[in-house]
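Look at Swiss-Prot and you will find Gln86, Gly104, Glu105, Gly106, Lys107, Thr108, Asp493 tagged as ATP binding site. Summarising the annotation, Swiss-Prot assigns compositional bias 'Basic and acidic residues' to 807-833. The region 'Disordered' annotation in Swiss-Prot covers 794-839.
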Amino acid sequence: MLGLVKKIFGDSNEREVKKMFKRVESINALEPTIKALSDDQLREKTAEFKARLANGEELDKILNEAFAVVREASIRVLGMRHFDVQMIGGMVLQEGRISEMKTGEGKTLVATLATYLNALMGKGVHVVTVNEYLAERDSSIMGKLYNFLGLTVGLNKNGLNPEEKREAYACDITYGTNNEFGFDYLRDNMVLYKEQMVQRPLFFAIIDEVDSILIDEARTPLIISGSANKSTELYYICSHFVKRLEEEKDFTIDEKLKIVNLTDDGVSKVEQAFNIDNLYDTAHITLNHHITAALKAQVLFKRDVDYVVQEGEVVIVDEFTGRLMVGRRYSDGLHQAIEAKEGLRVQSESMTLATITLQNYFRMYEKLAGMTGTAKTEEEEFKKIYGLDVVVIPTNKPVQRVDSPDLVFKTEAAKYRAVVNDIVERHKKGQPILVGTISIENSERLSQMLKQKGVPHNVLNAKQHEREAEIVARAGVYGAVTIATNMAGRGTDIQLGEGVAELGGLHIIGTERHESRRIDNQLRGRAGRQGDPGSSQFFLSMQDELMRRFGADNIMNMMDRLGMEEDMPIESRLVTRAVESAQKRVEGSNFDARKGVLQYDDVMNQQRLVVYKQRKDILEHENLSDVALNMIYAVMERAVSLHCPKEEVPEDWDLQALADAANNGFLYEETITAKMLKGMEAEEILELLKAEVDKQYKQREEEIGESIREFEKVVILRAVDSKWMDHIDAMDQLRQGIHLRAYAQNDPLREYQFEGYEMYQGMLAAVQEEVAMYIMKAEVSQNLERQDVIRGQGIDMDNLQTSGPSDRPDPETSGDADPKNRAQRRAQEQERKRQNKKQ
């Protein structure tokens, strides 16, 4: 029935594309007029468009003419003319949607259309790529086009100083990686002077390989952290201990969720070994944390699959691309546990200073768009999480690639023998072959087998990152054999060499199905670009992880019943259905996991947005006296509310405790006594305290002079930053154990939201209390500067680290003044009283 409806009415994607084709015809009609313009006249169109926008004209009204101008400029500068389908891709981006365009269809050129149009607004367009190589390449090549049209182009790279970054962001168009844009946002919210900020308000971002950035990387938050000096000996002790534990008896592994849990026997062994009564007692949180991390490191994380050891350090391998993520570390003590497992020097744990998920970072843009060759399978996620529709753009020429059915073998060894035999036969003809593997270990295993057969080849995995683009670009030449880990080299076109088309084009071999159909489609999509011939074939075994995790037993039993030899493959719809069913289940599970990460981060995000806005307001305002006084009043009101509760009669109030709280917290010592407060109503007490606060605050202003304004700013920044860091850490710890609430029939997310809100309110109160005490009691140094503001947290501010999908920050630091000791304050107050008596 659905097929009949589609035949009669066409699907929604087809209807949208047809509608856009009509608009392309209007753009094409402008071509002769635009072509007749001189270079200067073409360039002047940019100023004309800007003027029209300034006068209130909408972007959509100038789209046709602007796209025609970009197309003509591209012909003159780059020698490339946008195809009609590329114009449609540009329209989709302009509408804030995702253009799905097959490999080789020219996504980089498509982006120039929407980038130019939106850059005319003068608010800055960010073009986001998956790595710095692509950002540099695209900004260099496409920058010539934009410069010709009178627009400026910046490159935002890791390692630039703040001034260079400000220049890059001030440009009309800025290229960079998702990580660098996200880390700059976090660093901007750690600066001590508004002039140190580098980003403008987030206007429009076009994300290349949008599925990789918004989906594959979505579960990994961006984190800026500093090392906290704690003992590392316990990591070695726990690593040695967990080697004695036995699977099933002492611990269980959930391969689908990748978690490990101690059994009752395992818990007993820990308690006996460490001579404690209850591992889950709050006094043993640290030990529990270390044991869990050591067990995860021992049984869930494999060397040369999840990480490699290089020059005495554990380097994470990106599970999606196979690239080494130098500088990135696992959090929550896991990285230290792996270092202990490998017998390396354990580096100290880090404390999170700032963090955000890519999901919440990119959702802050006023408008968002993306491009990729594979998005349709994840359309639901793009829509629900980011509000992004996916539009599949037709190819310029029909796809000629032939995708053969999967070949399934009983064992992994038989599968690899078949792969090698296929490579040898095709290599004899000179047909280029690209082999996709899912791990460094598998790529090196295959490489050894090919060496034994005398087949020359290139291995492209995380260990050859520098040569990545060069190797991929040459994968289509006569006789080339390239082994690539996952989708390494993504973003680089594979063009066929001379005579290769006659041999059948590039042949793709997949050695294992990925848990996501999208990744499999990406591998296939490397062949058959722009109407070229090509082919693909996946070789599977019943021992592959996906098959093993999701019930290969039935198929294995069938193969045994048929008496099949180890080297004899089967092509079966049953197998294909089983694989696709497994992939859909994993995709659904991964979507739920990413959605879960976002739901929890949304709690932090609401708090983060408020804190960062308040912090920005602090930086931008010169006079914070009202802010400071309101914080002191809030502390005062809480003290009165606590010690003079409405439900008690005044005779039962603890007036001495209230006097102590006032004198120690926000007034000079001995200002208030319980005797003074006796017989007063709560409102009268508040009035008295407020009058004293106002009087003493005015005295502070007179004593300190003009520098009190800077002093207030330093104190408030220090309080906000230090308490926010503590809050991030506390929220992370809450999150780690919140799932246990499910055992008590409570919804963990609701519990996290409720407790997170209470903790946030507690953080705000702590900020107010610290500000009140410092402003009313601290000694102000003569050379007051905003430095060392976040010192005192046990953090080495000179060695900050970033993690997420990689790189590192270099935030500025700032300072505070210490309060006088009790004796000094008392002496000062007595002197003040003597002076008052004289007057």
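Think of each number as a place in line: the chain as shown, counted from 1.
For all residues, glycine too, the Cβ spot is worked out from N, Cα and C.
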Excluding Gln86, Gly104, Glu105, Gly106, Lys107, Thr108, Asp493, which residues of the same chain place their Cβ within 8 Å of the centroid of the Cβ atoms of the recorded ATP site?
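Those within range, site residues removed, are Met101, Thr103, Leu109, Val110.
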Name the residue among the binding-site residues Gln86, Thr108 whose Cβ has the smallest number of other Cβ atoms within 10 Å.
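Each of the binding-site residues Gln86, Thr108 was scored; lowest Cβ tally within 10 Å is Thr108.
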Give the sequence-ordered list of residues that share a chain with Gly106 (ATP binding site), lie 6 or more positions from it, and have CB atoms under 8 Å from its CB.
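The list for Gly106 (ATP binding site) reads Met80, His82, Phe83, Gln86, given in order along the sequence.
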Going by DSSP, is Glu105 (ATP binding site) part of a helix, a strand, or coil?
coil
According to DSSP, does Gln86 (ATP binding site) fall in a helix, a strand, or coil?
helix
Sorted by position, what residues of the same chain at least six away from Lys107 (ATP binding site) have a C-beta under 8 A from it?
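Expected: Gly89, Ser99, Met101, Asp208, Met371, Thr372, Gly373.
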Find the longest CA to CA distance in the recorded ATP-binding set Gln86, Gly104, Glu105, Gly106, Lys107, Thr108, Asp493; express it in Å as a whole number.
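The span, Cα to Cα at its widest, is 17 Å.
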A 10 Å Cβ contact count, applied to the binding-site residues Glu105, Asp493: which residue has the minimum?
Asp493
